[in-house]
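Shown next, in structure tokens, is the structure this report addresses.
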Amino acid sequence: MKFLNILTLAFITGMASAAAVPGGTTTNDAASTLDNLNNKRSVCGQLCFNNKDCGGPCPKCNTKEGVCVKK
């Protein structure tokens, strides 16, 4: 009887976790996290703490406001 309870619990847990994924298990074709961070570095007005957080057309970090600005 215990084996049946454990098996039932595993089945219900599996069904609940499968139902929690609305689009099913699809692959993510988006760029990697590192690529996303590199793309965001080139945006003016992005939050920053030092010049390493900024890049592209806005390479300087305005530490008073905490955003990337043009030179």
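Keep in mind that glycine also has a Cβ here, set from the backbone N, Cα and C atoms.
Lifted from Swiss-Prot, the feature list:
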- C44-C58: disulfide bond (DISULFID)
- C48-C61: disulfide bond (DISULFID)
- C54-C68: disulfide bond (DISULFID)
- 1-18: signal peptide (SIGNAL)
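Structure with Swiss-Prot features highlighted.
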residue: C44; record: disulfide bond; DSSP (3 states): coil
residue: C54; record: disulfide bond; DSSP (3 states): coil
residue: C61; record: disulfide bond; DSSP (3 states): strand
residue: C68; record: disulfide bond; DSSP (3 states): strand
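Comparing C54 (disulfide bond) with C61 (disulfide bond), their Cα atoms are 6 Å apart once rounded. Reported as a whole number, the C-alpha separation between C68 (disulfide bond) and C48 (disulfide bond) equals 6 Å. Here the C-alpha separation of C48 (disulfide bond) and C58 (disulfide bond) works out to 11 Å. Within its own chain, C44 (disulfide bond) has P57, C58, V67, C68, V69, K70 as residues 6 or more apart in sequence whose C-beta sits under 8 angstroms from its own.
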